[in-house]
Amino acid sequence: MAKAPKRAFVCNECGADYPRWQGQCSACHAWNTITEVRLAASPMVARNERLSGYAGSAGVAKVQKLSDISLEELPRFSTGFKEFDRVLGGGVVPGSAILIGGNPGAGKSTLLLQTLCKLAQQMKTLYVTGEESLQQVAMRAHRLGLPTDNLNMLSETSIEQICLIAEEEQPKLMVIDSIQVMHMADVQSSPGSVAQVRETAAYLTRFAKTRGVAIVMVGHVTKDGSLAGPKVLEHCIDCSVLLDGDADSRFRTLRSHKNRFGAVNELGVFAMTEQGLREVSNPSAIFLSRGDEVTSGSSVMVVWEGTRPLLVEIQALVDHSMMANPRRVAVGLEQNRLAILLAVLHRHGGLQMADQDVFVNVVGGVKVTETSADLALLLAMVSSLRDRPLPQDLVVFGEVGLAGEIRPVPSGQERISEAAKHGFRRAIVPAANVPKKAPEGMQIFGVKKLSDALSVFDDL
């Protein structure tokens, strides 16, 4: 009598598996997301001489000394976009597996189609589409005015068939659009399920490593903006980037969340035009597009994104509340950080906003997570509360501690130099970040406590 196939219960949100069904996932706490899947042996586990030479593949394992391993770096090649290259750490590494995600309509397919059309003039590329027909892709390329003479296209959703064709074509870069519609014959579940996404991603990663083909996989995102599919998907790939942008804005930000070949949290900025995505070489000029009129509640700070400084504007609106519980709204900043800074301002600055509504926003849709924005945010709120504008040529950065001390931030010299390059002539920074030699024509105020920063603000 044949054995019944093994089954497991897997959460569709996070990929956690359980021996039996339950209503709520213990890992991500989502309800009614656990489904039954049939387990099947992956064909990649079986012995296959074609896949030897990559960790986890078949073949005879050989122990080597670390000193005997060649240190020759794989030569990168450019995508044709300097901002895209920056996010990837300097270009595409042959044999790497890259995952790019983003909301529907963000421009993932457009960016990759533009990239492949540029690279097709120099090397062999392959664009595999499973969501659109070849005619639809051709219409989009024609609308964008892209050179399509040398770009190879394939409409297929079977991973085994795609890899067979890719082995014949031998492209240097291949795009899979998207990983959620691909499937493997030996996995008994529908495309887009946790098991299918996990196995197809592992199959493509192994193919990339053993053939030296760089593969870019397009991934969907969930309602909260994170990459859809099991968490193991992000573990098996080399680089994970997210293309983000507001629906009412033409600017798009490309940020790396994982990168084995470069810096994490590197940021690239693009603008959506009629000819597709165009890179923005000077993002600070966009995020600082302020008018000539000076307004209260606005401050400029320097954030560190990956390997470069970026000037952004923080706006704050403090107004008397008509409700028993005043509102605290933060866009582009952490809500908990705002609550902490309001408490510090009350305790160590002598300013209480218990009866005030507080709204803060980072202009341009940039999300600031580092604590160097603390001092700029506090001064913006004080400026709005007192209805007194900060000078246009003033830049502020610094971390604020719970005791009211102003802590230094990394790369202080580079932040000050970036501000001076854009015409700022005054700066309020932590005392430990004051350079020995300030940029010519720039006045720097070093502060150690919150009270010192408020005193400087009063004297400006």
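From the backbone N, Cα and C atoms, a Cβ is placed for every residue, glycine too.
Keep in mind the model is a prediction, meaning the values are calculated, not measured.
Residues or ranges marked as ATP binding site by Swiss-Prot on the basis of sequence analysis: Gly102, Asn103, Pro104, Gly105, Ala106, Gly107, Lys108, Ser109. Taking all protein chains in view, 7 other C-beta atoms sit within 10 angstroms of the C-beta of Pro104 (ATP binding site).
The feature region 'Lon-protease-like' is assigned by Swiss-Prot to 357-460. Averaged across the region 'Lon-protease-like' (357-460), pLDDT in this predicted model comes to 93.
Positions annotated as motif 'RadA KNRFG motif' by Swiss-Prot: 258-262. For the motif 'RadA KNRFG motif' (258-262), the DSSP counts in helix, strand and coil order read 0 helix, 2 strand, 3 coil.
When DSSP labels each residue, the zinc finger (11-28) comes out as 0 helix, 4 strand, 14 coil, counted as helix, strand and coil in that order. Summarising the annotation, Swiss-Prot assigns zinc finger to 11-28 and lists sequence analysis as the type of evidence.
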Same chain only, please: residues at least 6 beyond the ends of the zinc finger (11-28) with a C-beta under 8 Å from a C-beta of the stretch. Say none if there are none. 34-36, 193-194, 198, 222, 229-233
Indicate the candidate from Asn103, Ser109 with the smallest number of other Cβ atoms within 10 Å of its Cβ, considering only these binding-site residues. Asn103
Quick tally, other C-beta within 10 angstroms, Gly102, Gly105, Gly107; top of the binding-site residues is Gly102
